[in-house]
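Novice: Below is a structure I'd like to ask you about.
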Amino acid sequence: MKKRILSIFVTLCLLVVCLQVVAFAAEAPEKPNVVILATGGTIAGAGVSSTATVGYTAAVTAVDKLISNVPELTKVANVRGEQVFQIASESITMENWLTLAKRVNQLLAQDNVDGIVITHGTDTLEETAYFLDLVVKSEKPVVLVGSMRPGTAMSADGPLNLYRAVILAGTKEAAGKGVMVMLNDTIHSGREVTKTITDRVDTFQAPIVGALGVFTGDKPVFYRQSLRKNTVATEFDVTNLTSLPRVDIVYHYAGNAGTMIDAAVNAGAKGIVHAGTGNGSIGKAEYPAVENALKNGVVIVRSARVGSGIIARNGEANDDKFGFIASDNLNPQKARILLMLALTKTTDVHEIQQMFWKY
Ligand code: SIN
């Protein structure tokens, strides 16, 4: 009799334990699968001492070490890394962009990938982000992350930025918001963000329009969304591209007489982004070079060196007469990216102007 009671008791205990395990499994949310694509930059940088926040070497720490340095990542996602390049981002090439975009598209097409984080140098991070924003063919989250201090520095900002970027890439609410940038507690749109300060952790800003959202603790909170078309809603496809049309940026300044425009044309530029003064002004002495460029079939976009604001069409130049394109609110480096992609589709300036209103 005693034996029977004991066996019923043990069976009941086992049942309770089993029920608890099942209930826990049902309650515990499945972790998202996030791939970290590493490309180098300060986030993978190392200095000679903990106080070296300048004069360090960028792009030396491998992706596996970046991941193992933040063991908390395994609590918020199933993470794996790939080293795509190991470079300082001022040296990134258009071929690098195409390689990266193709890899992102391959990974996001897989059911077992929920989101992607790209570790990147901050110098050209905004350019890679906007390029991907235009050519990624998925609504799954893609998040670029960098840091302003190398991993060896006191108060290095990379580990927390990376931790939050992984959370963001695994967050369902982050889907469909275009390619994002995550640094310094703040979530930005890849189209709108720009680096504004050479050496501070609050360098990334989206002038006039502001951030998409912020992090509070482990939680991303969104406040707005860019209305410009991106990712699956663009006409750009890099699948069969091995290069991009050459587009140069020419900076205007007092006393400039068009020498750099001539140089760009002679170097074979298919497009020129003119970083004009004020509202995209072109100096009188530049016009002979501008007209020669147009005669050679070079497409000219008017942007501004000011850093923010809209270029008014037919405002500071007669865009209709010359066939210029106004860059809307894209800064010169972003206008260059859209012009390169536009030139893979058409050289018609009216169609290209429409793209600048749309993207
Ligand atoms: C780089 O852009 O690769 C170097 C600078 C940085 O990451 O902050």
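Backbone N, Cα and C atoms are what each Cβ position is placed from, and that goes for glycine too.
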Novice: Of Ser89, Ser91, Ser138, Ser155, which one shares the substrate site with Thr122, Asp123 in TrEMBL?
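Specialist: When TrEMBL describes the substrate site, the candidate it includes is Ser89.
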Novice: Based on DSSP, name the secondary structure state of Thr42 (active site): helix, strand or coil.
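Specialist: Where Thr42 (active site) sits, the three-state DSSP reduction gives helix.
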Novice: Restricting to the same chain and to sequence separations of six or more, state which residues have a Cβ under 8 Å from that of Ser89 (substrate binding site).
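Specialist: Listed in sequence order, they are Thr39, Gly40, Gly41, Ala58, His120, Gly121, Thr122, Asp123, Thr124, Leu125, Thr128, Gly146.
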Novice: Could you check the recorded positions Thr42, Thr122 and say which one's CB has the fewest neighbouring CB atoms inside 10 Å?
Specialist: Thr122
Novice: Looking only at Ser89, Thr122, Asp123, the residues listed as binding substrate, what is the longest Cα to Cα distance in Å?
Specialist: 7
